[in-house]
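Colleague: The structure follows.
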Amino acid sequence: MDIIIRRTPDEVGAYAADCIEPFARQGATIGLATGSTPNPTYKELIRRHREEGLSFANCKAFLLDEYYGLPRDHEQSYYSTIRREFTGSIDIPDAAVASPNGEAEDPHSAAASYDHAIRHAGGVDIQILGIGANGHIAFNEPTSSLRSRTRLIDLHPRTIEDNARFFDSADEVPRQALSQGIGTILEARHLVLIATGPAKANAVQALVEGPLSASCPASALQLHNAATVVVDESAAELLSDAETYKDFDPYWR
Ligand code: F6R
């Protein structure tokens with residue numbers, strides 16, 4: 001893993017945008033995360049689109065996950081969120097942005113078809129990831145199999161609590177989601193995980209320095225040969241050996 005430590009969330013966003021830009025230029029397939037952490041990255045990519053002509057017109061995108069049981073046009077569905085925060089402000093065609101069908105009657109077959117659609121599109125070239133305070137990636141909560149595929153998942157009480165800020169109350173947060181599995185995510189050719197703020201420090205420490213374990217699903221990045229972890233100083237504060245992590249650009253940049 002390459003560990004990159006930046007001072008602020010905006011600097012983290014700028015670094016992540018630098019990682020994504022060359023892929024956008026090649027018309028790559030980009031894996032998108034929702035949540036608050038990637039917003040500075042998306043803002044910077046939108047700026048580059050508007051001011052520097054960075055085009056996403058030939059790109060495809062796959063979202064990591066979607067709440068199950070929330071209408072697609074609900075303002076907190078990830079389908080709506082990614083359009084509001086990112087893809088609605090760049091030139092990627094709307095039809096090229098795919099997300100799991102959170103309204104499907106049969107969630108298991110919807111999950112399997114989403115996994116199939118990713119493979120059929122040739123896989124994800126670069127995947128952006130956030131991390132939950134409990135170490136989850138996408139909605140793969142602790143104990144998720146490190147080889148899991150896209151599937152229906154019961155959200156952890158901590159995730160429901162964390163995501164309640166987007167809803168009027170915790171009661172409104174859906175209890176389930178369709179999420180790419182850890183095995184699915186590990187098939188992406190490049191991974192860029194971003195984490196900012198002190199609430200992520202424990203999870204970042206477990207991801208970088210802890211054992212490979214389903215207790216911290218993000219530790220599965222240790223198995224990937226092109227994974228970059230970009231964190232701000234407060235998310236890095238529990239790393240016991242931060243000074244020794246060389247701030248080299250990843251080999252593929
Ligand atoms: C969202 C997702 C989640 C978030 C994680 C962190 O698509 O996959 O794993 O990345 O819950 O969320 P924020 O960034 O809001 O702290």
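Every residue, even glycine, has its Cβ placed from backbone N, Cα and C.
Under the heading domain 'Glucosamine/galactosamine-6-phosphate isomerase', TrEMBL lists 16-228. Residues annotated as active site, proton acceptor in TrEMBL: D65, H136. The active site, for ring-opening step annotation in TrEMBL covers N134, E141.
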Colleague: Hey, does DSSP put D65 (active site, proton acceptor) in a helix, a strand, or just coil?
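Modeller: Where D65 (active site, proton acceptor) sits, the three-state DSSP reduction gives strand.
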Colleague: Where ligand 1 binds, which of the active-site residues D65, N134, E141 are close by, with Cβ under 6 Å?
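Modeller: Within range of ligand 1: D65.
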Colleague: Rounded to the nearest Å, what's the C-alpha distance separating H136 (active site, proton acceptor) and D65 (active site, proton acceptor)? Just drop the number here, would you?
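Modeller: For H136 (active site, proton acceptor) versus D65 (active site, proton acceptor), the Cα atoms are 12 Å apart.
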Colleague: What same-chain residues, at least 6 away in sequence, bring their CB to under 8 Å of the CB of D65 (active site, proton acceptor)?
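Modeller: The list for D65 (active site, proton acceptor) reads T34, Y78, P100, A138, F139, A177, L178, S179, Q180, given in order along the sequence.
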Colleague: Over all shown protein chains, what is the count of other CB atoms within 10 A of the CB belonging to H136 (active site, proton acceptor)?
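Modeller: There are 26 such Cβ atoms around H136 (active site, proton acceptor).
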Colleague: Using all protein chains in view, find how many other C-beta atoms are within 10 Å of the C-beta of N134 (active site, for ring-opening step).
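Modeller: A count of 19.
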Colleague: Quick check for the class: what is the C-alpha distance, in angstrom and rounded, between N134 (active site, for ring-opening step) and E141 (active site, for ring-opening step)?
Modeller: 8
Colleague: Summarise the model confidence on the domain 'Glucosamine/galactosamine-6-phosphate isomerase' (16-228) as a single mean pLDDT, whole number.
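Modeller: Average per-residue pLDDT within the domain 'Glucosamine/galactosamine-6-phosphate isomerase' (16-228): 97.
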